[in-house]
């Protein structure tokens, strides 16, 4: 299939990235190889979208630091970048809305190829919008974009994210339907995760199974942000588990400790609080 006939895809990964790890970066590479390998798609960009502070997850440090670490991790990437829109929202933003934002941003780029992303300032200062440098090589002319059509945003995640759809009140059923029906999911499965069975046992996932791409991770990697934070609390090395620049940044700012892990303890996770309140209402 010629490139002009392939559907261009933008991979969007939402999450805490607390901190970002080498495994997060591997998800993009695995998904890109798989999607390009189908012969139907061409992955043109990857976007990392750190969640805002209003998510209220236990141990979640400031979005300012999480965004910077993600930017350091992707500094040498030619196709994966960090977007700060979600992290700047005062309230927690549903994943479906984040997907819609990026899809609309792509559509708007047809008329205005120069799209800017907000930048976080240090905690305690007023957040403001500012222009962010863009790689000139990634810009496309108006005519090229019109010819190829608007790229499709698809959500990139791990198997644990997929299985979270089954947690009561964590997701609105209509949001799951919108994510799967309007955008699609690319799920990297780990050893021990039976994602196919989970899809089979869920009516809504089964209905949209053709828009769920399961990618096997043959070279297994069990790195997680939780394990990284645990190692740091215990004074253990995280070398080769996170990008070197991220490790240096964490050490310089002493980001993770027993105290930071207690942040938001006793606070109900934002989606659970919102969805539970709406159910009662």
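The backbone N, Cα and C atoms fix where each Cβ goes, and this holds for glycine too.
Per Swiss-Prot, the features are:
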BINDING   15, 16, 17, 24, 58, 158, 159, 160, 226, 227, 228, 229  ATP binding site
BINDING   15, 16, 55, 57, 92, 95, 170, 171  beta-nicotinamide D-ribonucleotide binding site
BINDING   15, 16, 17, 23, 57, 92, 95, 158, 160, 170, 171, 217, 221  NAD(+) binding site
REGION    113-143  region 'Disordered'
MOD_RES   117  phosphoserine
MOTIF     123-129  motif 'Nuclear localization signal'
COMPBIAS  129-143  compositional bias 'Basic and acidic residues'
Under a three-state reading of DSSP, tell me whether residue 160 (NAD(+) binding site) is helix, strand or coil.
helix
DSSP three-state call for residue 57 (beta-nicotinamide D-ribonucleotide binding site): helix, strand or coil?
coil
Chain-internal residues near residue 15 (ATP binding site), provided their CB is under 8 angstroms and they sit 6+ positions away:
24, 49, 50, 51, 157, 161
Just name the winner among 17, 92, 171 (the binding-site residues) by count of other CB atoms within 10 A of its CB.
17
Taking every protein chain shown into account, which of the binding-site residues 57, 58 has the largest tally of Cβ atoms within 10 Å of its Cβ?
57
Can you tell which of 170, 228 has the least company, meaning the fewest other C-beta atoms within 10 angstroms of its C-beta, among these binding-site residues?
170
Sparsest Cβ surroundings (other CB atoms within 10 Å) among the binding-site residues 16, 95, 221, 226:
226
Taking only the binding-site residues 17, 160, 228, which one has a CA atom nearest to the CA atom of residue 57 (beta-nicotinamide D-ribonucleotide binding site)?
17
Could you state the whole-number distance in Å separating the C-alpha atoms of residue 17 (ATP binding site) and residue 170 (beta-nicotinamide D-ribonucleotide binding site)?
19
Of 221, 226, 228, i.e. the binding-site residues, those within 10 Å of residue 171 (beta-nicotinamide D-ribonucleotide binding site) when Cα atoms are compared:
none
